[in-house]
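Visitor: One structure, pasted below without further comment.
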Amino acid sequence: MSSVAVLTQESFIEHRSGLLPEQSGVSPSPPAAGGPSAGEDEEELPTYKDAFPPLPEKAATPEGTQETANAWTSKIRPLKSSIITQVFHVPLEERKYKDINQFGEGEQAKVCVDIMHRTGAHLELSLAKDQGLSIMVSGKLDAVMKARKEIVSRLQTQASATVAIPKEHHRFVIGKNGEKLQELELKTATKIQIPRPDDPSNQIKISGTKEGLEKAKHEILLISAEQDKRAVERVNIDKVYHPFITGAYNKIVGEMMQETGARINVPPPSVNKNEIVITGEKEQVALAVALIKKIHEEKKKSTTTIAVEVKKSQHKYVVGPKGNTLQEILDRTGVSVEIPPSDNSSETVILRGEPDRLGQALTEVYAKANSYTVSSVSAPSWLHRFIIGKKGQNLAKITQQMPKVHIEFTEGEDKITLEGPTKDVQMVQSQIEAIVTDLVSRMDYAEITVDPKFHRHLIGKGGVNINRIKELHKVTVRIPPDNEKSNLIRIEGDPQGVQEAKKELLELASRMENERTKDLIIEHRLHRAIIGQKGEKIKEVRDKFPEVSSNSSYWRFLKGSVTRLFQVIINFPDPAQKSDIVQLRGPRNEVEKCSKFMQKMVAEMVENSQTLSVPIFKQFHRNIIGKGGANIKKIREETNTKIDLPAENSNSEMIVITGKKANCEAARNRILAIQKELANITEMDVSIPSKLHNSLIGSKGRLVRSIMEECGGVHIHFPTEGSGIDKVTIRGPVEEVEKAKQQLLALAEEKQIKSFTAELHAKPEYHKFLIGKGGGNIRKVRDSTGARIIFPTSEDKDQELITVVGTEEAVRTAQKELEELIKSLDNIVEDTMNVDPKYHRYFVARRGQVLRDLADEYGGVMVSFPRTASQSDKVTLKGAKECVEAAKKRMQEIVEDLEAQVTVDCVISQKFHRSIMGPKGSRIQQITRDHNVQIKFPEREDPQAPPAEAPVQENGEANGEVKEPVDPNAPKKCDVILISGRKERCEAALEALKALVPVTIEVEVPFELHRYIIGQKGSGIRKMMDEFEVNIQVPPPDQQSDKIAITGLASHLDRAKEGLFERVKELQAEQAERALKSFKLTITVDPKYHPKIIGRKGAIITNIRTEHDVNIQFPEKNDENQDQITITGYEQNAIAAREAIQAIVDELEEMITENITLDSRVHARIIGARGKGIRKIMDEFKIDLRFPQSGAADPNLVTVVGRPEHVDEAIDHLLNLEEEYLSDVVENEAKMAYMRPPGGSVAAADEQRGHSKGFVVREAPWATGNEKAPDMSSSEDFPSFGAPVQAKASPWGPKRF
């Protein structure tokens, strides 16, 4: 007796049910009592190996033995690699590139690289002993084949040949869409050219290698030979006999094709052709032709015909869907039914077949023809869409019941056509007639005529107007689209609604027809501001006048935008048109109101868009902006203006202010005050007749700009053109302002006497020489002639143009002098001078910076120094004569300075060096420019480096030399700054450096304020350091010191000290304020009232906090005093908040709690979606409702909390709702009773399945051997995914896998 193992896990039921009966060993029907014995059941059980087939062995089977097939190995298919490798050989005589010396390079290598790029295959070339070329190609099959073709065509010499095959076989060589030809070319690595169909030639040309030519010829001849074996036969059989040859559902022709192996093509009934085409092997074709002719002859002799009349409309029922009815009649009776074409008006139907079968076929034809009927129902065409319903809902109900009935609605016709089985059509007809009668009794329509230009206004933006009318009057309104150009609007629906909608639409249309149009001229630049971003400005206007714009009378469309306001349409032009005309249209009075309002709005905008430009020296822009934009933001907010500064990389100094005129002036004065405070700036007014202003400014401001540049960058401000004001303002350093004033007055006097202008050209590199150092040369010409010379700026297009302005005589004289200077500059000379070689390095150092400066200053003169190795002192200068002389003189001055150069030590502690240098070395650069000296700072001393040890001296000597003792008072090397230059200049630079040494003072500030001065993450102290340009050091907290150290320039310390004291005063005031605001009191409130005081999402407590400006803290969960609420704030505010909370508590204490019984089945309905229903009840009756939790002892118990009168009203309302909802619940449960499955409940079905033994197998390993059955609770035998498994201890050590 075999052993049986039983696994009782329920999860195996599905596995068992998935096996076939013969696999599972269980009969489909359960055995009856007294059925087969247990032994027989065991024999039918599956074995363990059948149910759980073993995996294939890992080791390979020996050769000659066959692997045992099982359920696993039969399903496993070997995977083939997608990468293949092929080797091609090109003999020496066929190689295209035979230069052996250039193997691996040259044209051949380039071709190989190109092939790899184009095909994606990898190529490796090698040279055989016979000098043949071996090419190994790796890659995907398609890429290898393409690469092979490219190799043959580009690396191998090409031969050509022709092969002749019959013309009709060419198409078989080409194949479908040329696929066969492409495959052949890839396979043989050749190029095959087939003559075109209109070419009579039958010669196919092949080009490629000799081997490829032979292969291609062979393949083409094979294709042709295969086609020679095939034959095509065409047989003419009368069309009327085709059905007998094909048979019903093509049975006969299919049997013939299966029997003969030939392909038979019979034209379909819709094609009026008699020819039947048979293709295949010659013997097969001959056999098929014989069979077809035999059938034709038999039917010709044995069949006869009868003609009957059938209504044309019934022909399609005889034909049936896709001709199925005709095939059905042919199959049953063997009679062919011939139906005239649909375009033929004939009603004659011919039946052809054996005489004894014609009667049966005729009966079936009439039965099919009369099985369907066509009927119509009268219904006005405007009612059709109501009959159909929304998305065809009404019609779908009818067609679902009667799917065979076809219902057709014809547009414009007052009827509905029905087609289908007679009984079904009659039922559908009665249903539709009832619907039509109902609709006619309660529906009406009306048509009104409205000019198409008003249609879009009736519709409104997004259909807002027309949708409102539809919803209000419960009607449908059809407004024709623009392309129809129709003025007819149709209204359909309830008779009363139709009349009301008609009246409203006619009123709107008449109002539009009676509108007046008015044009306003508003600058185009203001249009966007009037509309506002996304129409915000217009919306604000609408909100101001709700009584006018409330009835959907605000429309707006961008691009020819339309804005409806005051019952008026405001039409702005398209932005691209740049038009200033804004059109208003509407009732006369409303148009006037809107016009006045718009003009007032525009006037305010114009007033608020005044622009004022303020010239401010570029170096002061950052001070005007302030730290993080604080200064500029404050000015903007306080003056209500818009202030725009030029970009950092811009050369412009103008700050533009926009706003009201008075506000702009106020902002301008504040900005100028900042500049005046920071620098020694003065402002002076000069009276010059306004008629001379334009001539003084010059073309594009060139004349006034030249004065500003010449006078150290002063700012000259002329009044607005046409203002008639004579006052001209000059702002800048005192000396330069006076200088600019003199020049302006002199120029104005010249202009009054006589003004003359001349122009001349000079190369740009000559301009600096003509101007001279500090403007010396040009000043001489001006002083001697009285004329003004204006040079071009970097922004001018013509960089060679020089303009001379003044009296005619002065201009002529100055022009002559300048022309002579320019002419002499064009005269190139070469000169030499002697410079000691030890000074050469100074001139050529820093990549020749000194020589470049000389060239810029002296008209591009070229200076050449001798090579270093030559030790020559001869220096060559080449350029214009005057330039060379001036450069030579300047070089001599430099040499004299170098000879007189001294070096002075300036001892300043290293810790101050960074401060002296300034940001990016700006302060040192300024001193070197001002005093014409060189300053060198020492290397920084490493504080961590050990002090250098003095060398050991023996007998007071070291290396034979007596060492002087080191002076302990001598300065450290790292503190000595070297200044080089003339002695007097070095001394001045020394004083300037010492003036930059920062000074430290101490200021007493209470220790408790230090952290507030530092600010969050040091922001407060950084702001003060940036503002006063000092370093502020606060002592560490552990020192508890009141001293704060301020380090900086002496001139900055006083301001910083004052600023610090001001900050201390502010902090002390804030401290006093905080003390007042920290008043604290507590209120005792029962914890059960806390949620009510807090409110939904904290609404109530937030309102109390905001209203009284206090902080209210509720106790934590683990707090001992759960009834204590803490209030913090001003004393009076805290008391007021306590009273507010106490008032809420008093009100809550008056509330009562009532429990009522509500059927739990209606709870969900009362609560509503997302609690919407319960919130509505609680808000309406001002009570609190609590429904029972799931699993509560009494699921029907509902608690109502609130004032007595409110609770009573809420309970009555809830009981009414229960009664209403409960009736729906009972009705639904009654319906569900009919929808339960037969045969008892689901629990009963589960109970029947519960007696299953589980999944049972025979010959399990734990049953036949010494192994135990698997422990299904063991995590080792049945581990979970991702869970670690603890291996069982074994005397032989851990298991190995």
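Glycine is treated like the rest: Cβ placed from N, Cα and C.
Just so you know, TrEMBL annotations are computer predictions that nobody has curated.
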Visitor: Which stretch does TrEMBL mark as region 'Disordered', out of 336-372, 447-483, 780-816, 1261-1297?
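Guide: Going through 336-372, 447-483, 780-816, 1261-1297 one by one, TrEMBL gives region 'Disordered' for 1261-1297.
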Visitor: Do you know which of 908-937, 938-967 TrEMBL annotates as region 'Disordered'?
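Guide: The range carrying the region 'Disordered' annotation in TrEMBL is 938-967.
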Visitor: Do any residues, 6 or more residues outside the coiled coil (804-831), come within under 8 Å Cβ-to-Cβ of it, and if so which ones?
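Guide: Apart from its flanks, the coiled coil (804-831) reaches 698, 703, 747, 750, 753-760, 762-763, 766, 769-770, 781-782, 784-790, 859, 876-885, 888.
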Visitor: Of the residues in the domain 'K Homology' (827-896), how many are helix, strand and coil by DSSP?
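Guide: Across the domain 'K Homology' (827-896), the residues distribute as 40 helix, 17 strand, 13 coil.
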Visitor: Averaged over the whole of the domain 'K Homology' (442-510), what is the pLDDT?
Guide: 83
Visitor: Could you give the number of helix, strand and coil residues in the domain 'K Homology' (1150-1219) as assigned by DSSP?
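Guide: So the domain 'K Homology' (1150-1219) is made up of 37 helix, 15 strand, 18 coil.
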